[in-house]
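Below is one structure, written out as structure tokens; the observations come after it.
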Amino acid sequence: MENRWQVMIVWQVDRMRIRTWKSLVKHHMYVSGKARGWFYRHHYESPHPRISSEVHIPLGDARLVITTYWGLHTGERDWHLGQGVSIKWRKKRYSTQVDPELADQLIHLYYFDCFSDSAIRKALLGHIVSPRCEYQAGHNKVGSLQYLALAALITPKKIKPPLPSVTKLTEDRWNKPQKTKGHRRSHTMNGH
């Protein structure tokens, strides 16, 4: 019988970013209580030797599973040290992989207070309106003009520590163009 391969998307992430993300998840699960209902599975609870941890996030009758891996093949760069993250959406026996932006939007639908388009309607009906969005990573579009006007009136309050964003976890820090401070150039290069 032949080997049958399954391919899945795993974002290469450096281990310090994974470590920070895990500690943020644990903080909001056990200390702040904002991630109520989330389940953290340690590496020793998984039968798979490459799984470093799993975070199960209930989304109604479905769930989002964020799995971190270690001991993977290293990438083409020195800093690709064999760490990675995969994101799955599961409902009963069906599962599919999702990208980090969609994962953040799904988390935002079910968790964390938000000052969004519905705030305008709630304010008109006399309901209590949350003055800010706690989970900015869940927004990837510009709000309506009414929303932007209301948001301009209310100054956002920074949350310490920040909420665990899947997009932030998987972003590519290494291939971003470097920003340099000032105009430091060699005098011989520009002729002055």
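Cβ atoms here come from the backbone N, Cα and C positions, even for glycine.
Over in Swiss-Prot, the protein carries these features:
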{"type": "REGION", "residues": "14-17", "note": "region 'Interaction with host APOBEC3F'"}
{"type": "REGION", "residues": "40-44", "note": "region 'Interaction with host APOBEC3G'"}
{"type": "REGION", "residues": "74-79", "note": "region 'Interaction with host APOBEC3F'"}
{"type": "REGION", "residues": "75-114", "note": "region 'RNA-binding'"}
{"type": "MOD_RES", "residues": "Thr96", "note": "phosphothreonine"}
{"type": "MOD_RES", "residues": "Ser144", "note": "phosphoserine"}
{"type": "REGION", "residues": "151-164", "note": "region 'Multimerization'"}
{"type": "MOD_RES", "residues": "Thr155", "note": "phosphothreonine"}
{"type": "REGION", "residues": "164-192", "note": "region 'Disordered'"}
{"type": "MOD_RES", "residues": "Ser165", "note": "phosphoserine"}
{"type": "MOD_RES", "residues": "Thr188", "note": "phosphothreonine"}
Does DSSP give Thr96 (phosphothreonine) helix, strand or coil?
-> strand
So how many other Cβ atoms are close to Ser165 (phosphoserine), meaning within 10 Å of its Cβ?
-> 21
Under a three-state DSSP reduction, the secondary structure at Ser165 (phosphoserine) is coil
Only counting partners 6 or more residues apart, tell me which same-chain residues put their Cβ under 8 Å from the Cβ of Thr96 (phosphothreonine).
-> Lys88, Trp89
